[in-house]
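Asks: What TrEMBL lists as transmembrane segment is A:9-27, A:47-71, A:113-130, A:136-155.
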């Protein structure tokens, strides 16, 4: 069960969010030069060496992770033809609902995430409205909330599986 | 809190958690959650467990607060 892809799904999402954060960090610091005169109109965006490295590195990492993720997803679907996961599912595939016991722990984990979301989202909205920081920090804050919700979900589910022994 | 005798009776009949889970059509993990008292099974599952473990629901599950009333 611990190797069930659905258990690892939140970890994958956390990984994707981290890489997205890295990418965001890279693209957030360009040197922008805008020329707007009667004779010339141009805009140049220049990234430094480190920022460029972070952008390309994060993009490569993202696609590499995407390939591994897809391979693992296919492997799971081949092994579990009755519990296939669609990569485009609207319903979160990390839900474990084979029986009432699994549904119970999924519900507990979901409740914890919901409790986190009901106070973190208003705080995020206030932050976005009044923050003197640039827009990039608001996006990072959104990613942070998304990351934390997966951490909460994963830790709650893992807690139950860690304790149970045959 | 709901207490139970599932582990004791399962051991008596020599079932593993997986064996018992298969017989009542739930995962091994669910049996483990029930044994730990972490999860209270539905009436349907309780009846199925009682049937497999050859007892009745009252013998298999009871409330902790009723412990003091037992003779």
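Using the three backbone atoms N, Cα and C, a Cβ is placed for every residue, glycine included.
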Asks: Between A:9-27, A:113-130, A:136-155, who has the most Cβ pairs under 8 Å to the transmembrane segment (A:47-71)?
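Replies: Most Cβ pairs under 8 Å with the transmembrane segment (A:47-71) come from A:9-27.
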Asks: Let me spell it out: take the transmembrane segment (A:136-155), skip the flanking residues so only those 6+ beyond its ends count, and list any with a Cβ under 8 Å from a Cβ in it.
Replies: 10-11, 13-14, 17-18, 20-21, 24, 28, 94, 109-110, 112-113, 116-117, 120-121, 124, 127-128
